[in-house]
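Report on the following structure.
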Amino acid sequence: MSEAPKDNGDLAPGEDDSADPRALWRGVRGYVVGLVLAGLLTIASFSAVHSGLIYGPAIPVALIALAVAQMGVHLVFFLHITTGPDDANNMLALAFGVLIVALVLVGSLLIMANLNHQMMPPDMMRQMQR
Amino acid sequence: MSATAGERGGDPHELGHDDTVPISERGPAPKRIVVAYGFWIFLLSDFILFSGFFAAYFVLSGATAGGPGGRDLFDLPLVATETIFLLLSSFACGMAGIATMARNKLWFQVAMGATGLLGAGFLALELSEFAQLISAGHGPQRSAFLSAFFALVGCHGLHVLLGLVWLTTMMAQVWAKGFRDDILRRITCFALFWHALDIIWVALFTSVYLLGTVR
């Protein structure tokens with residue numbers, strides 16, 4: 001297989017282009033960008049709680065959005081899970097993992113909320129036991 | 001023979017695999033990519049493990065049994081410091097990866113040392129938080145909420161502890177054996193593990209500490 005020159009720095013985890021000295025600086029730059037973005041998102045998350053900048057009932061949604069954005073930043077800049085040619089399998093596995101995580105979380109919350117809702121009040125339970 | 005840049009214009013990542021060698025004749029991917037892929041599958045299974053702990057925590061977060069809730073217990077400045085420690089640790093781990101690319105042993109050891117110290121600082125802060133909670137009578141046996149809290153945060157802390165052990169063995173391996181191919185693959189896996197812990201911490205500090213304080 002002939003290797004096409006990769007100028008975009010899009011490398012799967014484990015892919016190595018150490019032969020190219022420019023790759024080092026590109027790598028450092030990527031981590032610095034990731035650190036700055038993640039830092040900004042972290043500061044935004046912590047300041048959203050008490051700053052009063054965000055309409056009160058919307059704060060949980062804003063926090064979740066910020067967390068998802070920061071996880072995306074970590075995935076792209078730190079773990080290098082991108083849409084590069086050798087990353088297709090990683091991306092597919094990630095999509096499957098996200099599906100299972102969502103099923104576990106949403107399923108548990110839904111079922112437990114439903115059970116809570118269906119539970120008999122204690123005084124009614126006592127009456128039935130007589 | 002690969003297509004020229006002009007022909008690839010609309011497909012910069014060659015997703016169409018516009019090569020003269022058909023995909024069935026290219027043979028397996030390089031070992032380092034296969035190893036990283038396998039480890040990524042493990043990490044995803046670890047995320048699924050954590051999703052179970054997260055689900056348990058969300059279900060039980062209101063079950064305080066008359067005891068204190070998240071709003072009364074959580075110390076946000078401490079959590080912010082922990083977050084900064086872990087984020088900088090992740091960055092230092094990235095720098096260790098750069099040093100590996102440059103095959104520079106000294107900078108690798110320096111960056112891994114920084115990674116380890118910041119990780120240990122994170123763990124020390126977390127343990128001091130746990131000790132404070134337990135000594136105030138808010139241990140895991142107090143309520144279902146606190147049981148789920150200690151299980152979830154403790155599971156992450158346990159992962160960080162294991163990561164620290166792995167980190168020291170990686171430093172020793174590079175020191176003793178140098179940048180051999182198998183060592184390089186282990187370094188890649190360790191970096192993936194360490195960054196993945198940071199992703200879990202993002203989910204954790206948002207949903208447990210921040211949302212717990214808001215509610």
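Using the three backbone atoms N, Cα and C, a Cβ is placed for every residue, glycine included.
Taken verbatim from TrEMBL:
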- B:1-24: region 'Disordered' (REGION)
- B:8-20: compositional bias 'Basic and acidic residues' (COMPBIAS)
- B:34-58: transmembrane segment (TRANSMEM)
- B:35-213: domain 'Heme-copper oxidase subunit III family profile' (DOMAIN)
- B:78-99: transmembrane segment (TRANSMEM)
- B:106-125: transmembrane segment (TRANSMEM)
- B:145-167: transmembrane segment (TRANSMEM)
- B:187-211: transmembrane segment (TRANSMEM)
Highest Cβ pair tally under 8 Å against the transmembrane segment (B:187-211), stretches B:34-58, B:78-99, B:106-125, B:145-167, lands on B:78-99
Rounded mean pLDDT within the domain 'Heme-copper oxidase subunit III family profile' (B:35-213) lands at 94
